[in-house]
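Peer 1: Below is a structure I'd like to ask you about.
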Amino acid sequence: MWLGPEEVLVANALWVTERANPFFVLQRRRGHGKGGGLTGLLVGTLDVVLDSSARVAPYRILHQTQDSQVYWIVACGSSRKEITKHWEWLENNLLQTLSIFDNEEDITTFVKGKIHGIIAEENKNLQPQGDEDPGKFKEAELKMRKQFGMPEGEKLVNYYSCNFWKGRVPRQGWLYLTVNHLCFYSFLLGKEVSLVVQWVDVTRLEKNATLLFPESIRVDTRDQELFFSMFLNIGETFKLMEQLANLAMRQLLDSEGFLEDKALPRPIRPHKNISALKRDLDARAKNECYRATFRLPKDERLDGHTGCTLWTPFNKLHIPGQMFISNNYICFASKEEDACRLIIPLREVTIVEKADSSSVLPSPLSISTKSKMTFLFANLKDRDFLVQRISDFLQKTPSKQTGSSIGGTKASVSDPAPESLPTPQEASEPPASPSSPLSSPPSFSTQEIPTTSQGLLKVFQKNSPMEDLGAKGAKEKMKEESWNIHFFEYGRGMCMYRTAKTRELVLKGIPESLRGELWLLFSGAWNEMVTHPGYYAELVEKSLGKYSLATEEIERDLHRSMPEHPAFQNELGIAALRRVLTAYAFRNPTIGYCQAMNIVTSVLLLYGSEEEAFWLLVALCERMLPDYYNTRVVGALVDQGIFEELTRDVLPRLSEKMQELGVISSISLSWFLTLFLSVMPFESAVVIVDCFFYEGIKVILQVALAVLDANVEQLLDCNDEGEAMTVLGRYLDNVVNKQSISPPIPHLHALLTSGDDPPVEVDIFDLLRVSYEKFSNLRADDIEQMRFKQRLKVIQSLEDTAKRSVVRAIPGDIGFSIEELEDLYMVFKAKHLASQYWGGNRSAAVHRDPSLPYLEQYRIDASQFRELFASLTPWACGSHTPVLAGRMFRLLDQNKDSLINFKEFVTGMSGMYHGDLTEKLKALYKLHLPPALIPEEAESALEAAHYFTEDSSSEASPLASDLDLFLPWEAQALLQEQQEGSGNEDTPERREEKGTSPPDYRHYLRMWAKEKEAQKETIKDLPKMNQEQFIELCKTLYNMFSEDPMEQDLYHAIATVASLLLRIGEVGKKFSALTTKKPRDGAHSGDPNSATEEDEPPTPKLHQDPTQECQPPAAGDRQAKASGDMHLGKALQDSHVIVEGGSGEGQGSPSLLLSDDETKDDMSMSSYSVVSTGSLQCEDLTEDTVLVGGGACSPTATSRAGGTVDTDWCISFEQILASILTESVLVNFFEKRVDIGLKIKDQKKVERQFSTSSDHEPPGVLG
């Protein structure tokens, strides 16, 4: 590649000059190439340690002038071919021009200008739009690709110098972190270490420090432990590795590949060694942290942040912290965690202005909102730029009229009375009146969609005034007054100052009249509801009358959702719950519906309208409890792992006992999935939900630890899991809320488990207080760190479970051992994942649907199958292997979706590796019949397909069933049963004789098993093979034998067999001609070709004049092997051949004995045909090479090359089998056992090294 000219002071220290002229020098790196010796080792080590560019470009061209001592590098190359091309260009285009100059400075200036011009032209043509990676980074990426054989699609994120500990010896080298792989390379004094690990294989990633490994990063996979140390910035490296491993886990979980963010703004001053991908990942990490901290929608992007102070009017202080600006929000977080947090939606902002600076308030900024609140920020470093950014975002904010109608009233502090609060559904369409047909079934009209406009609790408790509740009512009034005072001091709505006082009020309990509003604010659901007016109503309308698996599951669980609560004992609450769950299933089909969602949603509906409950559910499922509610409840399993880890840390004695009893995994899943709603009385659990919406998952973990802590002694005395579950169940049943104004609702679990001596009641507020006192040291970032660690374990455990499930689903008669099947699965999965990494447009294979059964989740397409087939098949056919692989793929692809799953893949492999000679030959035979054979491979294959599909429909089912390469066994048996049933008219009578009751499923299973066995045993149902298909089979056999040690013996044997089969086909043609003369109403022959033959003209005579013989193609004859011709000719002349099944039916036709004279007469053309088939090289057997039998000059078929092919000629599988059995060398070849384990190991090595084709020369210093 051309380089911008740079000075080189020492031109010959580590370089050898190979070519020179008066103006340029071509040099090679010392030690590169052959015979580097000690110098090569030293230079190679130096290049690796110093990360020299000479490692990837060992050739260079320098510009020099005669009197100057300064050299200028103008080009470098990774191979001699590349550098020679540049050298020749310089000689041809510059040498004559440079000789004209008199001044050497002018020469150098001209050369530099010319080179800069070439580089600019190349960049204009070749550089992709938006490529902003620095030159040094591109060089590192080139080294990585060359060293590890990575394709262009693999992007380098960053690279670091570090040590890799191999045993007790550290190897200094370079760690390359790509989107999909971790790579390491070291070369020290001839010792080379090259390592590639896929991120999806990582099972553990942690940063630790021990005496042996000071500040190291540990990377575990299923079969190795790797340690890296001596990083310049270990924190940054580990954070990036975490992020990349997380992306890989996400890919395994829901098949979301990494997509570069094209909208990421370019930096004003590009960093020297930071790639665009690294900036992208850094921005993602910041965005995720920003959204999680302030509970913002998933599409919110952080624009920037700056240090500042915020004036807080409630305590008259300037609180230091950080201001965060994004496209829709201005947020503030104090340095002290609980001091203050603020969220200002730009839709609420009315005025942003610079205030007058003073010594007390330097660079202040005032922001006013529609709710008459003013926020004063100060100590802003770049106030003018900040104001401009906010102004830009305000211009893009939706119209102010929409904003005021949505959020203006709720953010007001002028009327703190809760009764006058407008409900959030004012943001969308007017709510339906209570008299709307809510109690009717879901078959209502789409013009008037009924939705509940208020919480169900208000509907069912509106007749019980608070004054009648005595002390509880007074307590509730006090709570409401406390919150109203808080709203007056700290603001109300989204712009409220959130402080330690807010948390204190939440822990004391949210009054029921404010619960729905505060849940919406604290969870961030209010923001999404306001910005998507009418979205829920639209979803409800779209989902009306639509049925799916999710809607069926929802209907099944509707009546199990809080059945003890009066709101869900009638159709009013149930219909509302149905609509919310169905709408969410339509919004997020990847989740659809998951158990426990109904319990949580029913509680949300008690305190808010349907639309509010819907958006709270969105916040819960997609942000606050990520991956909880999917088919594999991964998120809950991850937090369960965190809970176990915390139990080990804070309750070590109990942890051992619980592990021994296996209790934690049983209890904690329901606690986390339902937020204690399913295990605790409703009025108590809802207080935990209050805290959860304010604090997040931290509260659930704290309460769970407090529950265990309160029952330590009793749990330690338990002898089994059931006893421990009873202890915890009775404790939770008696957690009460004495302040609740709701009528007590008996807990269903409590009704079932209450005993004679109920335990002491526990107040929920006492439980919460204890949980905060003992376990409040949990931090959100610590929980996220633990989540990452547990996510690796959980997802890899689920992948192992999937592997075992898939292997168990493979039938026992497939022939492979469990270990072999597991190895094959890993190879198959790796090939699928490779398509996700670099698959381009293979969209069908790339996107995996995790909701499918395990067997269907990983699938590969034809090109991927071709690669696996080439490396795993025992039938290596050289250049013909891809053709055979394509046929095998078409044979296995039953549903014609151009993808095959693991079961189909293993079935194909089994056909080649296991079974006797007959089974293997059957597999090979089918590869040369439709649908495996396609017209592009053989001209007459299309005719053959019509021949077998139209004229012999009765043969279709045996073709698709034998060898179990086609339909699943149940479908085969059902199809066979239907066919037999249609032919047996007396079946109903027979059933009536047996009895009037229909047979049970076991009867059909027995029938299917019998039919399957029968089909496996028969070989007579296979369709016949015509002449051109037979020629293709001979080609395949020839190529298959070309790499065998017994090559010549196999050639001779297959030539003999082919000549025999050609004569059998000719004799069969004579019998076919005789059958055509029979009357049409004669007995029906079992020959599938009879219908065709009756309609065709009489077949020409077998014996033809020698002058009418077709001439062989000259090209093929010139390249035929002479030795093969001699063997074949002798074999044809000396053989007495017994032919069975002359009619081609395999039905036991009379045997015929052919004399030598008949053989010579009949085989005048066959001898040439067999010689061509048996002795031509693979590359000679093209589609233009015509191989014909004795009657090949029949005018009924014409090949593409102008020769002729006899379509009347055909043979059966039995004839091929019988002929091959006459040659022991062929029998031995097909019965030879091949160990697939060795081929799997080789394939894994290939995938680990990624030895893709590369134009670069191999390194010459790898001694």
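Just so you know, glycine gets a Cβ as well, placed from its N, Cα and C.
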Peer 1: Quick one: which of Ser464, Ser1149 has phosphoserine in Swiss-Prot?
Peer 2: Ser464
Peer 1: What Cα-Cα separation, expressed in whole Å, is found between Thr397 (phosphothreonine) and Arg556 (site 'Arginine finger')?
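Peer 2: About 43 Å separate the Cα atoms of these two residues.
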Peer 1: Could you tally the C-beta atoms, other than its own, that fall within 10 angstroms of the C-beta of Thr397 (phosphothreonine)?
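Peer 2: By my count, 16.
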Peer 1: Tell me the Cβ neighbour count for Arg556 (site 'Arginine finger'), meaning other Cβ atoms within 10 Å of its Cβ, over all protein chains shown.
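Peer 2: So the number of other Cβ atoms within 10 Å of Arg556 (site 'Arginine finger') is 12.
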Peer 1: Quick check: in three-state DSSP terms, what is Thr397 (phosphothreonine)?
Peer 2: coil
Peer 1: Per DSSP, what is the helix/strand/coil residue tally across the domain 'EF-hand' (880-915)?
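Peer 2: Final tally across the stretch: 25 helix, 2 strand, 9 coil.
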